[in-house]
Amino acid sequence: MSVGFIGAGQLAFALAKGFTAAGVLAAHKIMASSPDMDLATVSALRKMGVKLTPHNKETVQHSDVLFLAVKPHIIPFILDEIGADIEDRHIVVSCAAGVTISSIEKKLSAFRPAPRVIRCMTNTPVVVREGATVYATGTHAQVEDGRLMEQLLSSVGFCTEVEEDLIDAVTGLSGSGPAYAFTALDALADGGVKMGLPRRLAVRLGAQALLGAAKMLLHSEQHPGQLKDNVSSPGGATIHALHVLESGGFRSLLINAVEASCIRTRELQSMADQEQVSPAAIKKTILDKVKLDSPAGTALSPSGHTKLLPRSLAPAGKD
């Protein structure tokens, strides 16, 4: 089995590193494509031994399982580009927030009947094999496709199948969750520094506290509220600290953050379904394509428009 990534950003890097670290895939069995071969993640993938290409079609031809690891607004462009290259063997896995299975199936069905599509939502801790992933299978995906997906993604953390209509909520919770945790850790470390701790030690202690708390919860059958109560002695330091968090609306802020992420995911879904893309997104997509498709005698001007090079500067031997 070979795996391809359309997109060579943080998610592709995290999954590729997780798969190779888990031993489920050798690096030479992975290929990723990106129009920008100067990305830091591209360099990191290359050092791992992953094959890199600027051409999406090459990645499709190399792959059995194809991950669409690009921003939601790019998906319609990608499907139009690679649709004709999708074959019966391909399992197309979308990692794009808000992009529905039906919208992908509709696009691909214009090129080939019964495309095998899976939608997943994962997160970047897959890079250390502690990811949280859910997936939903499409109309034409086979039972074995779901099993293969679970085998792959269980190697890099927790993975389970859900109904597709739950994936937006998962995006708000665990998809965006690492960012909430990093923000909390940054603030905890600032608190430690304010009270006199060296920065490095403060970050390490905060991270270990959250890691330990998460493991305690996962290894017990107790409600998180009960575990919180177990730490809070009457009149002690912890209950006073919790009072400050409650006064600041800590719980409500987290609930609202999950809700905001979920709502934005649904907005992205609506935009993708209607193929509505912001002007800035269109400009970036076009510029990326121009970089790949420009003939040798053209160059990008500072404004982002293509301009013809003077004949004296064009490569020799081309009229």
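Cβ coordinates are placed from backbone N, Cα and C, and glycine is handled just like the others.
Small disclaimer: the values here were computed from a predicted structure and weren't measured.
These features come from Swiss-Prot:
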- Ser2: N-acetylserine (MOD_RES)
- 6-11, Ser34, Asn56, 69-72, 95-97: NADP(+) binding site (BINDING)
- Ala8, Gln10, Leu11, Ser34, Asp36, Asn56, Val70, Lys71, Ala97, Asn230: NADPH binding site (BINDING)
- Ser278: phosphoserine (MOD_RES)
- 294-319: region 'Disordered' (REGION)
- Ser301: phosphoserine (MOD_RES)
Recorded positions near Leu11 (NADPH binding site) (Cα-Cα within 10 Å), from Ser2, Ser34, Ala97: none
Winner by Cβ contact number (other Cβ atoms within 10 Å) across the binding-site residues Ile6, Leu11: Ile6
Val70 (NADPH binding site) and Ser34 (NADP(+) binding site), distance between Cα atoms, whole Å: 10
Packing count at Ala8 (NADP(+) binding site) (other Cβ atoms within 10 Å of its Cβ): 30
Cα-Cα distance linking Val70 (NADPH binding site) and Ile6 (NADP(+) binding site), given in Å to the nearest integer: 7
Integer Å distance between the CA atoms belonging to Asp36 (NADPH binding site) and Ala69 (NADP(+) binding site): 14
Using Cα positions only, nearest of the recorded positions to Ala97 (NADP(+) binding site) (Ser2, Asp36, Val70): Val70
Winner by Cβ contact number (other Cβ atoms within 10 Å) across the binding-site residues Gln10, Asp36, Lys71, Ala97: Ala97
Minimum Cα separation from Gln10 (NADP(+) binding site), reported as the residue among recorded positions Ser2, Asp36, Val70 that achieves it: Val70
Between Asp36 (NADPH binding site) and Ala8 (NADP(+) binding site): CA-CA distance (Å): 9
Between Lys71 (NADP(+) binding site) and Asp36 (NADPH binding site), the C-alpha gap once rounded to whole angstrom: 15
Collapsed DSSP category at Gln10 (NADP(+) binding site): helix
Residue with minimal Cβ packing [other Cβ atoms within 10 Å] among the recorded positions Ser2, Ser34: Ser2
Cβ-Cβ distance under 8 Å to Val70 (NADPH binding site), same chain, at least six residues away: Ile6, Gly7, Gly9, Ile78, Ala96
